[in-house]
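Structure record follows, encoded as structure tokens.
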Amino acid sequence: MENRKEVGILGANILYLITAILLLTIGYYVQHKDVESGLIITEYILILLPPLIYVRLKGDNFKRVFRLNKLKLKHGLLIIGITILSYPIALFFNLVIMTFISTLGNIEPPPIPTAKNISEYFVLMIIISMSAGICEEFFFRGLILRSYERMGQINAIVISSFLFGLFHFNIQNFLGPVILGLIFGYLVYRTDSLFAGIIGHMTNNGVAVTLGFLINLINRKLPKQDISTNMPNTLQLIMATVFVGFIATITGVGAYLLLRIIIKDTKKRRYMEVENIEKIKKMSLFVFTPILLTGIIFIYVVYLQLNSIMH
């Protein structure tokens, strides 16, 4: 029987829908006014604060819900390595989607700020790497993952990953976050520490910020006529996808080998069984209505994105 003081699926789903709406309204507005301060407001007030308030009002235990347990230094270092090696994998899946979309028209660069100098680089590392890594992990590998555990640990990891990808509201950046969500969710479960997800998330975003900064530096060194702000065409994207896919295959093996070390160290951890299979089967569709509504919003946003590309 569900403890009323424990976070549940319905509550988490409603909060997910509310946060998604806040992201697309207030989040869009404040980021449009000023990207950097807008991202800070989005991460800490719109994404981090709601789950903290919800758990507080629910009366559940913060440490239990968010898995605020110590993480071994060894595992932290391994997670950094796993994330870096997994970056090409996430990039590959995003490139696959981008390649298909490019057949519809000229795709637009993702709306992610990049650093043009060292001071901007450190600011973006704090905002995009550190802030997003902390706030989004509390929401997804914290509240969402814990809430869905009554459906079984594997289901919780998969569902929280899908919701994480959906939450980006960008078809070009959907599959990548889903893949990363699977990795971070599994690492959080194996280590029983949210810090595993935070370190992984911060590392991934840090790599993205660093690559963007390096690309800007390289472009500055090139002759102006060689610099193009247009996104690659379909043929170029196909070639890039094949190349990144080859790299991802190699780095993926490396990531798996590092992951095996963590698995060996945490072999006592066992997957939770579904709390009550009959209860889950009889679970009202109403429980998932907030997710369905978020999915409809996502489809509409994607429609607008594709329509913009085709015209």
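Just so you know, glycine gets a Cβ as well, placed from its N, Cα and C.
Feature annotations, reproduced from TrEMBL:
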{"type": "DOMAIN", "residues": "121-206", "note": "domain 'CAAX prenyl protease 2/Lysostaphin resistance protein A-like'"}
{"type": "TRANSMEM", "residues": "7-31", "note": "transmembrane segment"}
{"type": "TRANSMEM", "residues": "37-55", "note": "transmembrane segment"}
{"type": "TRANSMEM", "residues": "76-101", "note": "transmembrane segment"}
{"type": "TRANSMEM", "residues": "121-140", "note": "transmembrane segment"}
{"type": "TRANSMEM", "residues": "174-189", "note": "transmembrane segment"}
{"type": "TRANSMEM", "residues": "238-263", "note": "transmembrane segment"}
{"type": "TRANSMEM", "residues": "284-306", "note": "transmembrane segment"}
Long-range neighbours of the transmembrane segment (76-101), counting only residues six or more past its ends (CB under 8 A): 107, 171-180, 183, 187, 195-196, 199-200, 203-204, 207-208, 234, 237-238, 240-241, 244-245, 247-248, 251-252, 254-255, 258-259, 261-262, 306, 309
Long-range environment of the transmembrane segment (284-306) - Cβ separation under 8 angstroms, sequence gap at least 6: 9-10, 13-14, 16-17, 20-21, 24, 101, 104, 163, 166, 169-172
Intrachain neighbours beyond the transmembrane segment (7-31), with Cβ under 8 angstroms and 6 or more residues off its ends: 37-39, 41-42, 46-47, 50-51, 54-55, 58, 60, 65, 139, 143-144, 146-148, 150-151, 163, 167, 169, 283, 286-291, 293-294, 297, 301
Spatial neighbours of the transmembrane segment (121-140) far in sequence, C-beta under 8 Å, 6+ residues away: 19, 36, 39-40, 43-44, 47-48, 50-52, 66, 112-115, 160, 163-164, 167, 181, 184-185, 194, 197-199, 201-203, 205-206, 208-210, 213
Tally of DSSP helical, extended and coil residues in the domain 'CAAX prenyl protease 2/Lysostaphin resistance protein A-like' (121-206): 78 helix, 0 strand, 8 coil
